[in-house]
Ligand code: ATP
Ligand code: MG
């Protein structure tokens, strides 16, 4: 049996770092204190420690502990255990969920499967039955981690994380920062670096390459040289990640507020070409670089929206990203005799079909994206028939946002946009039904049809 790993962390005492409890969510503090008071180790971990140290507001607060999921469940009444790949505890509060994970091991234990994993002291018995139940670590033939549920020590838990800056922990026992991987230094230098050999880490989980791009873009960090080289070499492996996960990551990248920067990094590493090969080939056909610039400008517009707190929905994002490509495909279908509406539908269906094995866009998102694009044709007919009906369409606001972005990019559609904006503003709401004196609303009269008198069906 392997002895527990002995990893010496650097401890940064409270006096030497800026994280104050007043910056931490009160619910996260409650969870940390309760775990500590029950005799467990309790750390804030991951992105929130990184963001607090950078003076940024964390998206969420994650906790890591040596308590097992069942032990956590016993301590918190408001706890639900979730996840198959990673078994996690969710502690529910009125307006927040705090995620609590048990420290996980670096690699499968060499001893028999399910044998207890000792902690740093080798002492804590914990929930023996749970430790013996099959926490499994499963690796595919290509070295990809499929399941990772083996409990480990705090040090192992830190070193199995993706990047040094994501492996810092804030300890509630003495308010210190615990740094197992040199994360503090990389944070100060503005560097994204994998923990351990980047080739191994990206092979274990190719999505980490997209995460590297996201953190570099969002934090304005550089990617460390060896890590960057591994990304260039292993970019084709990104297609081994599951298509739904890649869709989720793509949304995070492009809706991060730094989507344009992320796009440049994706293209430089070659990741973009592997994720969107058809679209990339189309971009490559153009010699003047316009579609490429157009995608960048669309993402700049998305970034400005996100930056000013205006959410951009996934269908709108997709329509903006791939709109030029899809419009051109639609024209091709129209050239073959399809109606404008059928042509848009066919172009969108072909695109989603080609993307499905790589980046799986959910069906309803694809439909909503098609609606936004299809409505563009109608918006360009002013006033057209029944403009009020256009206004009532569920996708009107998104279609207008699409048009607004197009205007910001080339100004061509400005009169169309101005017309619809004015029309929407001036449109009167349907009058409210007048109330009778007694306060009862008048029931609409039902048309009565006499029995037996039916309109004859056409022969
Ligand atoms: P964000 O601010 O976007 O939420 P984050 O760093 O918190 O960034 P999460 O996806 O919330 O990112 O993950 C939380 C932590 O879990 C990370 O900081 C990292 O330590 C670890 N982690 C997440 N995904 C992976 C992965 N694929 N491989 C290794 N560690 C990971
Ligand atoms: Mg997070």
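Note that Cβ sites are derived from N, Cα and C of the backbone, with glycine treated the same way.
What TrEMBL says about a protein is an automatic prediction, not a curated fact.
In TrEMBL, the region 'Disordered' annotation falls on 108-134 of the listed ranges 54-80, 81-107, 108-134. Per-residue pLDDT, averaged over the domain 'tRNA nucleotidyltransferase/poly(A) polymerase RNA and SrmB- binding' (220-282), rounds to 97. With all protein chains in the displayed structure included, the most crowded Cβ environment within 10 Å among the active-site residues 62, 162 is that of 162. Break the domain 'tRNA nucleotidyltransferase/poly(A) polymerase RNA and SrmB- binding' (220-282) down by DSSP state and the numbers are 50 helix, 2 strand, 11 coil. Under DSSP, residue 62 (active site) is assigned to a strand (E or B) in the three-state scheme. Note: residue 60 (active site) has non-local neighbours 47, 48, 99, i.e. same-chain residues 6+ apart with C-beta under 8 A of its own C-beta. Counting in whole angstrom, residue 62 (active site) lies 15 from residue 162 (active site) by their C-alpha atoms.
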